Ligand code: SF4
C-alpha cells in the first residue's frame, strides 16, 4: 500500500511511518533511512501542554507572518527589518519582530539595537523597542558577546522558540514578523507547530533571481503547502544593481530560468516584485537605520514600497 499523506505523515515518509507527532518519530524501525529522520528525532511531539499558554499569549497579536528564504545571504533579515520599519511608519500600527535565526541572529544589528538586553517583569520578557510601536526579540540580546557562536541542537533551539512565543510580553500587536533561518529546519517546524492553534497568516519568501537560489525556494513553497501555511508572495531581492550615481542598472545574478516571477507563476504563488541591489541598503543595515527613511528617492526604495504596499493590502 502506498504511504498516505496526512497531517502527521509526510509524502516522502516510508510505509510504516509512525507519524511525526508520535513518541517514536525519528526512532522507530521505519524511520531508518527516512529523509526526515533528523528533524523528526529532535522536533517536539505529541500534545504540548504549553500550546494553550502560547495561544493565550498570541491572542493579542492580529497577524503573524513568517519571512522565509531557501538560501542564506539573499537579504531575508534586511527585508524583514525594512518591512517592519515601513509598517511601523504608521504610528497607530503596532509591530513586533521575532528573530528565530538562532545560530545567526542579525536583527539586533540591522535594527540598531546592538548591545541591548532583555528585561524580565511580572508580565513576562520585555522585548527591546526601536520606537514606541516597534518591538524586537532576538537571541542576539542574550549573548554576552555578539561574536559568540550559538552551537545548539534541536531541542534547545525549540525550547527558546517556545519561550519567545509563550513568555514575551508583546502586548497588542497588529503584526508579528518572524525572521527565520534559511531553509526548512527545526526552527520552522517548531514555529509552525507552536502556532498551530493561534494560526499563521502566511509566509513571505525571499530569493535572488538565479536558478540555484530558486531551486531551494521551490522546496520552501512546498514546505508551506505541507504545513498548510499560505504563501503571501515571493520577493526577488538583489534583482540587478542600480548605480547610486548614474542610476544605470546591471545584472548581478542572471535570471537564467526566468527568475522569481516565472517560478512564482509555475508554482502558482503571488510574485510581489523585485528589489535591486543598492550598496546603501547594506550600509543602512550596518548602521541599524531604516533604508527607506534614509534614501526615500532611491529606485530600491520605490521597489520596496511597491512590494510592501502589496503585502499591506492583503491585510486591509
Ligand atoms: S523519520 Fe519521521 S517522517 Fe520519517 S518515518 Fe520516522 S516519523 Fe515518519
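Quick reminder: no glycine exception, Cβ is built from N, Cα and C everywhere.
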Range annotated as region 'Disordered' in TrEMBL, from 1-27, 28-54:
1-27
Rounded Cα distance in angstrom between residue 243 ([4Fe-4S] cluster 2 binding site) and residue 75 (ATP binding site) is 18
Least crowded of the binding-site residues 17, 31, 40, 246, counting other Cβ atoms within 10 Å of each Cβ, is 246
Can you give me the Cα-Cα distance between residue 75 (ATP binding site) and residue 246 ([4Fe-4S] cluster 2 binding site) in Å, rounded to a whole number?
24
For ATP, what surrounds 70, 71, 72, 73, 74, 75, 76, 77 with a Cβ no more than 8 Å from their Cβ centroid?
69, 182, 206, 207, 208, 237
Residue among binding-site residues 71, 72, 74, 76, 246 with Cα closest to the Cα of residue 17 ([4Fe-4S] cluster 1 binding site):
71
Got a sec? Which of 71, 72, 73, 75, 76, 77, the binding-site residues, have CB under 6 Å of any ligand 1 atom?
none
Whose Cβ lies within 8 Å of the mean position of the Cβ atoms of 17, 31, 34, 40, the [4Fe-4S] cluster 1 site, other than those residues?
13, 14, 18, 20, 25, 26, 28, 30, 36, 37
